[in-house]
Amino acid sequence: MAANKLCCTLAIGALLCLGFAALIQAQDKPVTDVCLGCICEAISGCNQTRYCGGGVCGLFRITWAYWADGGKLTLNNESPQSEDAYANCVNDPYCAANTIQNYMSKFGQDCNGDGGVDCYDYAAIHKLGGYGCKGELSYQYQSALDKCLTTFSPLDVRTSG
């Protein structure tokens, strides 16, 4: 009886730890899923066809330098020094999204001067870089972002980050 009680206590404790770990991990990610989806939509129409061209790769159109600044994440324990590591990661939606999360953790800032850091800032950082985000976004990119956020984020996106 005591062994069963101990086993149940340990199992519940383990589940609570996993739950807290998931909560902490979610808090470490500055960009919401809606925001990521809208950045994807604005930059490429979320075209998931494997793509590399013009110095960018993947559905988020990530450069090698961005990937490097985002931690050189890889798939399946591939070495970051592998010739294909960059393209493999940024063409995978999850690896690319995690690269963006890392990049935004590093470069997140108020780009539009509204006093907060939100999806509009993350979209500017994504398109213009961590040091150039105060610049002008193209009309097409800004319009696609605005339309997506209006459609998919009925809540105030300024609370996302």
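Backbone N, Cα and C define each Cβ position, glycine as well.
The disulfide bond annotation in TrEMBL covers Cys35-Cys119 (among others).
The annotation disulfide bond is assigned in TrEMBL to Cys40-Cys46 (among others).
Sequence annotations record features per position, and here TrEMBL assigns disulfide bond to Cys89-Cys95 (among others). On its own chain, Cys95 (disulfide bond) has Leu73, Thr74, Leu75, Asn88, Cys89 as residues at least 6 apart in sequence with a Cβ closer than 8 Å to its own Cβ.
Under the heading signal peptide, TrEMBL lists 1-26.
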Cys46 (disulfide bond) CB neighbourhood, other CB atoms within 10 A: 15
Rounded Cα separation (Å) that holds between Cys35 (disulfide bond) and Cys46 (disulfide bond): 13
